[in-house]
Amino acid sequence: MNKLKSNFILNIVILFTILIFNINFINCENQKQQQHQQQQQQQQQQSSSTTTTLPIYSIKFSSETGFTIYSGNDSTSIAQSGFSNEMMTMGWAYLTITTNSQFEDSLQAEAAGYIEGYLTFEMIWQCWYNILVNEYQNQTIPNQVLNWANENIAYMKQQVATNENDPYWINIGLVLTQLSGMVDGYNAANQDPSRQLSFLDFILINMDADLGDISSTFNQSTSFSEISNFKKSMDHIKKTDHCSGLIKLTDDLTELYSAHTSWSSYINMLRIFKSYNFKFSSITNIKSKLTLFSGYPATIASLDDFYLLDTKLVVLETTNGLNNNDLYYLIKPESVLTWMRVIIANRLANGGQSWCETFERENSGTYNNQWMIVDYNKFVPGVKVRDGTLFVLEQVPGYIEFADVTNVLRTGYWPSYNIPYFETIFNMSGFNDELTDSSDYEAYEEDARSQIFRRDANKVYSLTDFQAIMRYNNFQNDPLSHGDAANQISSRFDLNSPDSQDYDAFGGVDSKVTSFSLVNQLLVIAQSGPTHDQEPPFQWSSANWSNIYPSIGMPNLYDFGWVNFTDISYNY
């Protein structure tokens, strides 16, 4: 009898336990479903705002008159472009260019550059002025810099001429042609002779991120004294140029987010979100015709970097930098700079592996970054994350390493915060010398942003959550910041004490986010300016910043919201 009673009680306990488990499981699934529905509603709301109507221009060419730009969307023209400068209303300008496959590739590229230079000429001059005054300290650019750039251009042109059947060099040639067209378009629109710019000037703007490492190759003897001030400026840029990146897989596998927050001097907040849709012929072997990216006046690469491609690849990077002077001798003009190699890799790749293999060619050893390539073709919502979804590549002079790191992503997220992931790159970059008190793993894992991502990344359930983490800065109340506004996902060096060593108009200057759902719409959501979620908006007129840093073309107050960008329109 007692045995029967005991069995009865045991069965009751088991049934009760199963019941509680099922209730908890159902509640958990309901919660996930609600979160997923909320996420979908947010994305629908993000993409359902009133779309702004862009003025459209077309461009044609004749041997007698050259290029002519006229109003209207002429499908028989070489290219059509829409442009609107909304810097004062949303913190971005927007540019879209589509070329016509009926014309030769070189004419498409030149026309695309020309119409961009023509339509954006005012912003290009503003960008050049800000760079000249702030980065070059209004001095003549040193001959060593100009000579290096000219040697690099000559090398590429020679390779283009020699390898006329190689898609890699064919596309390098088209990039140079596009930039040459932009120079001509800019100078045609600019009526002030004192503001004429050369092809080399445009090259210098595009190679701005590479210049920090190039300047470190110059001999520092007294015979090169003219380099001194320039190099000090470039060393500062290289030392402080960082970003935050995050790839986040939701717990229920229904969504995969990708985002990037650029860190830069606030002088670089003159922004254009760009869409290039180039219809080049099969000889170029391009896989991606359409590129949507966050950029700047006069640049044909992102430089942040953040790209959404029509091949459903998302490409982003954060800067690792180089703390090892022993590698600078490997940086030679006989190479292709990073800003151009990423364009070629974007065009020629059909996945993470091929992107890395293309980017690996002609390593310049400059602008040494951690690159993340997210292949949304490999992602099956709610089912699995297939191998090849996330590739990571890291570079130093003379060496590149890459790997499929999807297994790391399967644990929930991949963070990026300016410390190399691969041990060989970590050691070659000199991080082992900089961080002698801790092991490589500890240095990688215990960075402030690493700890913030570890604490907060798995709390991301929706698009709104994801946007918030990329704009996060609560340094006064977050113990992980140690009271430093720089130790946050979106830094604000300007909020540190004026007495501190790193007090400056520098920090996170934007955020760009996308996801599986948004990639299928060719949609990126972006916000311009320093974060103001938990902190006050940045204002040039405060703390005398406008007297320290000329910032023509920019609004005084950066309190803008998020903007939706597609390949043909934007809304906010």
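Placed from the backbone N, Cα and C atoms, the Cβ positions cover glycine too.
Other Cβ atoms within 10 Å of the Cβ of N73 (N-linked glycosylation site) number 14 in total over all chains. Residues or ranges marked as N-linked glycosylation site by Swiss-Prot: N73 (among others).
What Swiss-Prot lists as N-linked glycosylation site is N138 (among others).
Sequence annotations record features per position, and here Swiss-Prot assigns N-linked glycosylation site to N219 (among others).
Under the DSSP three-state reduction, N427 (N-linked glycosylation site) is assigned to helix. The feature N-linked glycosylation site is assigned by Swiss-Prot to N427 (among others), with sequence analysis given as support.
Its Cβ placed at the centre, N544 (N-linked glycosylation site) has 10 other Cβ atoms within 10 Å. Among the features that Swiss-Prot reports, N-linked glycosylation site is placed at N544 (among others).
Here Swiss-Prot flags N564 (among others) as N-linked glycosylation site, drawing on sequence analysis. If you draw a 10 Å sphere around the CB of N564 (N-linked glycosylation site), it holds 20 other CB atoms from the protein chains shown.
Annotation comment: Swiss-Prot describes 1-28 as signal peptide.
Its Cβ placed at the centre, N427 (N-linked glycosylation site) has 15 other Cβ atoms within 10 Å. Under the three-state DSSP scheme, N73 (N-linked glycosylation site) falls in the coil class. Comparing C-alpha positions, N564 (N-linked glycosylation site) sits nearest to N73 among the glycosylation sites N73, N427, N544.
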